[in-house]
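Quick look at what TrEMBL lists:
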- A:204-262: domain 'CBS' (DOMAIN)
- A:286-306: transmembrane segment (TRANSMEM)
- A:318-339: transmembrane segment (TRANSMEM)
- A:360-381: transmembrane segment (TRANSMEM)
- A:387-409: transmembrane segment (TRANSMEM)
- A:421-448: transmembrane segment (TRANSMEM)
Protein chains: 2
Amino acid sequence: MSSKEHLSPIEKLNEALNSGELRQVRYTLNNSLRPAEIAHLLDKSPPKERQLLWSLVNKELEGEVLQYLSYDVQADIVSRMDAGELLEVTEGLDTDDLVDLLQQLPERVMRELLQTMDIQNRARVEQVLSYDEDTAGGLMNTDTVTIRPDITVETALRYIRRHKEIPEMTDSLFVVSRRDAFIGVLPLTKLLVSDPDMLVREIMNTDIAPIAATMTDTEVTQLFEQHGLISAPVVDEDGKLLGRITIDDVVDVIREDADHSLMGMAGLGEDADTFAPVLKTTRSRAFWLGINLITAFVASAVIGLFEATIDKVVALAVLMPIVASMGGIAGSQTLTLVIRGQALGHLDRSNAAWLLNRELIAGTINGLLWAAVVAGVAIIWFQDLQIGGIIAAAIVINLLAGALAGTLLPIGLKAAGIDPALAGSVLLTTITDVVGFFAFLGLATYFYG
Amino acid sequence: MSSKEHLSPIEKLNEALNSGELRQVRYTLNNSLRPAEIAHLLDKSPPKERQLLWSLVNKELEGEVLQYLSYDVQADIVSRMDAGELLEVTEGLDTDDLVDLLQQLPERVMRELLQTMDIQNRARVEQVLSYDEDTAGGLMNTDTVTIRPDITVETALRYIRRHKEIPEMTDSLFVVSRRDAFIGVLPLTKLLVSDPDMLVREIMNTDIAPIAATMTDTEVTQLFEQHGLISAPVVDEDGKLLGRITIDDVVDVIREDADHSLMGMAGLGEDADTFAPVLKTTRSRAFWLGINLITAFVASAVIGLFEATIDKVVALAVLMPIVASMGGIAGSQTLTLVIRGQALGHLDRSNAAWLLNRELIAGTINGLLWAAVVAGVAIIWFQDLQIGGIIAAAIVINLLAGALAGTLLPIGLKAAGIDPALAGSVLLTTITDVVGFFAFLGLATYFYG
């Protein structure tokens, strides 16, 4: 189809990999691809190819490639290295990326690695390590460029020119006191357009409060989005400048948070490696299947209560999954909307009642609508008016149960400190299955029994 | 509990809103909150409060607030305005934000609004409008700062100082020819540390290709993440600089893409307003429930085929939801993983076979494991060895069906140009329900019939 000249570097690589020309692969890998592209290639490779490719990456690229890998893949590769290799690979990494790596190591290996660092570097890393991964402190980097408030713009420009280069993602200098207390932010764009004789103090920005090291990473993302930030200072409880957070770290958090909702609702970890080996996959899935099996047995037990009725009217067995399914679908829609609303910070006590009310009304209207349709079909199918009325009533009841559970479950779980994205969908299905079967078969037992 | 002094501006606002002190609300809204915070407050308010709050926002803030609103809420508010109001509100907006708003208007109102703009502004807007919303061209802004390659660093710095201010999110100047052809990028940080006598041409960056206006927004996000960009130039097919994309727009795309998978799988729009009015909610949910009802009827029809068998062995009715449920859960896990993999660009022809194989093996192992458990319970419960064997076989078959459908459905749908996040979960459930009921009841009919 396509001639060889038109292949992208990745396609060429695949071809070389398939034909076993490892020298060709090594060359393309290390000379035509950026570290982020190599990482992407590793992320999308099955285990064997991944190991092979990794072994072909040049030593001096390894550190950079590692920091772009997805979490699970990174953890897997790092876990195969000894402290010596790790030290070599992590040399020259930014503090925040280095800390991300260290957190994946066993305590012993981490300590070993810390011992080998020079004192200044180690102090920096240990400071970041002292904060939780999910806080501003755990997210920050220590590569700030600072200046004093009492120098002129001209002096500031001269001071900056003395740098050989300025760290990536630097859009502002941080103004600090002699004791490193944070005072303000000086955007480079402001510095560039200001009168050279002005003082830094006169042109710096003080209207954005610095980020406390203990702020959660989700709050940090909201702050960045609301203020349109590229980088922001992080301070300790005394206002001392500790480091800075940059937008690339914020983007990672946004991706992780979004993945967490999507993957969590299917019982998968947000860091799940798409190409995890078969045993790892099997083990992680088994747990979720087991949990769901319990809920399936609960539903079966409810059906079991009404065996006699089903024995009498076998049409009930044919129709009962419809009741459970409609309640489950309606409930899942509400649940997903509420979980997303929670993630966006939309839900609090002031509007939860309104939301529940809206869901109940929408559930009632849709319940009546689809109950009528199902009743019509059931009556025609089984030539039985009564069964139509029974299934209609059960569907309305179950859609209301779905609306109620879909709204209150995530709110209750969150208040109890349980992650709604993880536990919500199992619990919801249990409720709509139980209510659905109970309402339908219970009513049937009353009328046919 | 908390004394009034410790309330945040938002809490104060809620209190004032509840007590009906509208003057107080208006004051807090316009003087204590940033436009992004006002937008967040509107996003999380039920319809009536939302309209009331919006009516209290000062005219000159409206435009800024609008651009921070979530899509559905923005569309709702904009749809109530006439061209005159819109013109007032949109004055001073960036081209990209203005275009976002325009795209939500009826054609007639949009044309009317374009007529009222000055020629230069209109030309800019029409250029961005000419590109699809989901492309680099539709995403870009036209507020670039450009310089020529043959001036010195010193001249460049003097030229920049003549600006009163530089547009937000400007981390680089774009180097262009006399005819506006894109030549390279000059990061401000580079400009600040370079020798004043060097030429722009000598220090500019040419290793990152400019973005073609037709590139999809998802590709743009990958480019930004792989190269750690804050802003990037957009060019037309002749290499002429059209504008630039900034990281804040990229973050919006990342959020939208992630929301699309999560919300799509529950049949909700990614832009769904958490506090949409009841009728809008009811209507949008009704469609999804209707689609799912069809699949539920298909499952019922399968059960209906085996009415005679169920009539004979009523235990089958009790156990059959377990088979369907286990297959559905296992299939959903695979489906979610594959859909996320597709969104991350992990899946292609080279690794799909490996993935399918892994899912089938994991499905078989988990199938055997849980089949044994379910068989054990069923045998004890119903004192019937045969029913244990039948349900075990059906579970293994259905978990394999789940693995197969979970992998192949999203791949096939995507190849057919259908969005897997939207259609995947309904189709998957239909398959696992049909296979589950058919395998279980079919085997039962064979052995008991």
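Note that Cβ sites are derived from N, Cα and C of the backbone, with glycine treated the same way.
Just so it is clear, the model here is predicted, and its values are computed rather than measured.
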Checklist entry - Is the transmembrane segment (A:318-339) in contact with the transmembrane segment (A:387-409), using three or more Cβ pairs under 8 angstroms as the rule and ignoring pairs under 6 apart in sequence? => result yes
Item to check | Per Cβ pairs under 8 Å, the stretch of A:286-306, A:360-381, A:421-448 packing most closely against the transmembrane segment (A:318-339) | outcome: A:421-448
Checklist outcome for this item: Contact set of the transmembrane segment (A:286-306) with the rest of its chain, CB cutoff 8 A exclusive, min separation 6+ beyond the ends, reads 266-268, 316, 320, 324, 426, 429-430, 433-434, 437-438, 441-442, 444-445
Checklist entry - When the domain 'CBS' (A:204-262) is classified with DSSP, how many of its residues are helical, how many are strand and how many are coil? => result 27 helix, 16 strand, 16 coil
Checklist entry - For the domain 'CBS' (A:204-262), what's the model's average pLDDT? => result 91
